[in-house]
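Beneath this line is the structure, given in structure tokens, with notes to follow.
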Amino acid sequence: MVEEVKLLKTWSSPFGLRPIWVLKLKCIQYESIDEDLSNKSALLLQLNPIYKKIPVLVYNGKPISESLVILEYLDQTWTQNPIMPQHPLEKARQRFWAKFNDEKLLPSIWSVFTKEGKQREEAMEELVENLKLAEEELQGKRFFRGDKIGVANLAFGWLANLMSVFEQVTGFKVIDGRFLLLSTWI
């Protein structure tokens, strides 16, 4: 049976980049479908009627939504170049740091980007604290998973991809000498 893999995504979303990186790490051929999020396609709305967001992976006609769910699905379906460790504790740590990125780090950077004055200063303090926590997790490691790329690395991948854009737009230098491990990781 020929496997059909499609990915609905947009170039600017850190969530849409995650599955691309895993598809490439695992050498999986796929069709890329770019979405215009200001004018969502009927296909996107059909495949993800609940959230109406990208990314959506379509495997043999069956849609899978939410980037971290897609990553785990890809890892379990194609076992070459695993992105999740076998040990349950290490698996849990990968999930924890991916969730930390999505629920703490990304919102704090968004706040710095969208707020002004005192609120922006407070958001910047929160962002720096979150980056310090990520920095501590990298202590003695090449990647968040040790010597291998894992789900947490893919969740944090936007730092390498979009942080410089954020810094140019806002005029704030965030990843600086305070975060040597994150700089090296990037």
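Glycine is treated like the rest: Cβ placed from N, Cα and C.
Keep in mind that TrEMBL annotations are predicted by a computer and have not been checked by a curator.
Annotated in TrEMBL:
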DOMAIN    3-82  domain 'GST N-terminal'
DOMAIN    87-186  domain 'GST C-terminal'
Problem set entry | Reported mean pLDDT - the domain 'GST C-terminal' (87-186) | 92
Exercise. What are the DSSP helix/strand/coil residue counts across the domain 'GST N-terminal' (3-82)?
Worked result: 29 helix, 17 strand, 34 coil
